[in-house]
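Asks: One structure follows; several queries about it will come next.
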Amino acid sequence: SRAIKTNQDLLPETPWTQIFYNDFWGTLLTHSGSHKSYRPFCTLSFRINHAVGGMDPWGYHLVNVLLHAAVTGLFTNFSRILFGDGYWTLIAGLLFASHPIHTEAVAGIVGRADIGACLFFLLSLMCYVKHCSTRGSSPSTWGWILGAGLCAGCSMLWKEQGVTVLAISAVYDIFVFHRAVLNPLRPAILVRKNLTLFFSIGLLTSWGTALLGVRLYWMGNKPPSFSNSDNPAADSDSFLTRTLTFFYLPTKNLWLLLCPDTLSFDWSMDAVPLLKAVSDWRNLHTVAFYAGLFLLAYFSLKSSSNERECNGRTVMNGKQNANGHSCHSEMEYKTLEVKSSFASKEENGIKRHEMQKVQLPSTENIVILSLSLLIVPFVPATNLFFYVGFVIAERVLYVPSMGFCLLVTVGVRALYVKAQKRFLKNLVFCSTAALIVFYGLKTVVRNGDWQNEEMLYRSGIKVNPAK
């Protein structure tokens, strides 16, 4: 209602430039009651929808679905850089396309802010990937980094978390393109040939700092204020309660990505009871969550392992495996001849496999990038650095879910490679296909909750009966 129905910024008689002075709900940013959600590009898209179709919701929904389709295509294209042409890229794309956690962002019109931010997030990341691949060999490389910066700014103007793409780009450059690992990281960055890396990272840091500075200045240098019902933990007088609850909430969000069985449009009030004591059993979930993340990151960064998985194939000490594939130095890209999963065909009764040369990062590097993509865009919503106006919001998981889908895909690929018997390989593959089907079915069911306001509120009774 506030974002569209009663938002004066959508009306033709309101100067369109007013969009850049008001928050997402049409309130002046410097006003004491402003939510401080500065998303002018999303509001501009609503205004265009209003100019074309008025208050008919069909056009608004169509734009959301088209944006989700575009994001899915871009994400699948980015996955090709990590997994190459084949089934694994397709699996990553299908997981993202069908995940039920996206329903609120796509079916709920105001969720367009997250979809639009994700669209320019990926465009910025793809521009930076091109910058890395052309750096030192083409003058156009600085055009690509300029495009990455502009798209990052556009992503932030769709929703605040879009600026985190600059950090993800830095992670890609260091851990995927330059293939840095824990032990040789220090000597690697002292090498003179990596001065261009330092320069690129410096540009990303400077641009990110400038964007955040301008954003803070534009909203009046004051943080927003939220009601107790929106975020009860933030209003708690107990430091222990706030700390335990805020550290627990990421665990709850991860569970929604893993098992999106119970979904709700409203997690406010007592939907997630506060953790008031160390003896609360939910603290075990918190410990397990952070321990798991730490171990996953540590073993991915660790370089002392003798056995490493290289593009889905196991190699020992950089030597060739039984299939004749090799894995080169950890600080370099490797060029492998891999069989395209879809290139297999029969011509004149003779089965032939098309071979192509691709550059693919190792499993460990993909895990580091996936963890970063899962964690960094979610950091603004954690309440750990500044308070936000919600406890849990499924729409904010739209961007982090890309990291989750990559993690699942790389995990499935590792299981498939480790499986010795054909039966086990088929079991892994069929289980993944079943997961995608069930995600899709859950998404269809969840869409039914967004048919009208009554059905939406009925769907939230189980999670938030008081509201």
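Residue positions begin at 1 at the first shown residue.
Positions of Cβ are set from backbone N, Cα and C atoms, glycine also.
Feature list, courtesy of TrEMBL:
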TRANSMEM  58-75  transmembrane segment
TRANSMEM  109-129  transmembrane segment
TRANSMEM  141-158  transmembrane segment
TRANSMEM  164-182  transmembrane segment
TRANSMEM  194-218  transmembrane segment
DOMAIN    221-293  domain 'DUF1736'
TRANSMEM  284-301  transmembrane segment
TRANSMEM  366-390  transmembrane segment
TRANSMEM  396-416  transmembrane segment
TRANSMEM  423-441  transmembrane segment
Asks: If you average pLDDT over the domain 'DUF1736' (221-293), what do you get?
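Replies: Taking every residue in the domain 'DUF1736' (221-293) and averaging pLDDT yields 85.
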Asks: Assess whether the transmembrane segment (396-416) lies in contact with the transmembrane segment (109-129), where contact requires at least three Cβ pairs under 8 Å among residues 6 or more apart in sequence.
Replies: yes
Asks: Okay, the transmembrane segment (194-218) and the transmembrane segment (284-301): do they have at least three CB pairs under 8 Å, pairs separated by 6 or more?
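Replies: Contact criterion not met.
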Asks: With Cβ-Cβ distances below 8 Å as the criterion, list the same-chain residues six or more beyond the ends of the transmembrane segment (109-129) that contact it, or say none.
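Replies: Here the qualifying positions are 3-4, 24, 39, 41-42, 45-46, 57, 60-61, 63-64, 67-68, 70-71, 74-75, 77-78, 81, 144-145, 147-152, 154-156, 158-159, 161-162, 164-166, 168-169, 172-173, 177, 204, 377, 395-396, 398-399, 402.
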Asks: Taking the transmembrane segment (164-182) as the reference, which of 58-75, 141-158, 194-218, 366-390 gives the largest number of Cβ pairs under 8 angstroms?
Replies: 366-390
Asks: Under an 8 Å Cβ to Cβ limit, what residues of the same chain, 6 or more beyond the ends of the transmembrane segment (194-218), are close to it?
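Replies: Non-local partners: 29, 38, 128, 131-132, 135-136, 145, 149, 152-153, 156, 160, 163, 166-167, 169-170, 173-174, 178, 188.
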Asks: Would you list the DSSP helix, strand and coil counts for the residues of the domain 'DUF1736' (221-293)?
Replies: 32 helix, 0 strand, 41 coil
